[in-house]
Amino acid sequence: MGKRKSAAKPPPKKRMDKLDTVFSCPFCNHGSSVECRIDMKNLIGEASCRICQENFSTTVNALTEPIDIYSEWIDECERVNNVEDDDGA
């Protein structure tokens, strides 16, 4: 008589990688110079460049991550550039 087969252990869950909190500046193109901070008390997120002192602020919610603030900044820069291009043409 043999031993009863034991149930296989479930595979371990994969850990998600942390998202970046420092990014390259869209104005001076300096890598790792933009730092994002989230103030949950006042519901404000701020991205600022340490080199050229450019900054961007936006409203945040409980699910907002630093990459969201940076992405909004990039989107706003592109929107402003497109408006200026349309006015000049």
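Cβ from N, Cα, C; glycine included.
Feature annotation from Swiss-Prot assigns Zn(2+) binding site to Cys25, Cys28, Cys49, Cys52; the stated evidence is similarity to another entry.
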Specify all same-chain residues, apart from the site residues Cys25, Cys28, Cys49, Cys52, whose Cβ lies within 8 angstroms of the center of the Cβ atoms of the Zn(2+) site, ordered by sequence.
Pro26, Phe27, Asn29, His30, Ser33, Val34, Arg50, Ile51, Gln53, Glu54
Taking the Cβ of Cys52 (Zn(2+) binding site) as the reference point, list residues of the same chain whose Cβ is under 8 angstroms away and which are at least six residues distant in sequence.
Cys25, Phe27, Cys28, His30, Ser33
For Cys28, Cys49, listed as binding-site residues, tell me which one has the smallest number of other Cβ atoms within 10 Å.
Cys28
Local Cβ density at Cys25 (Zn(2+) binding site) - other Cβ atoms counted within 10 Å
20
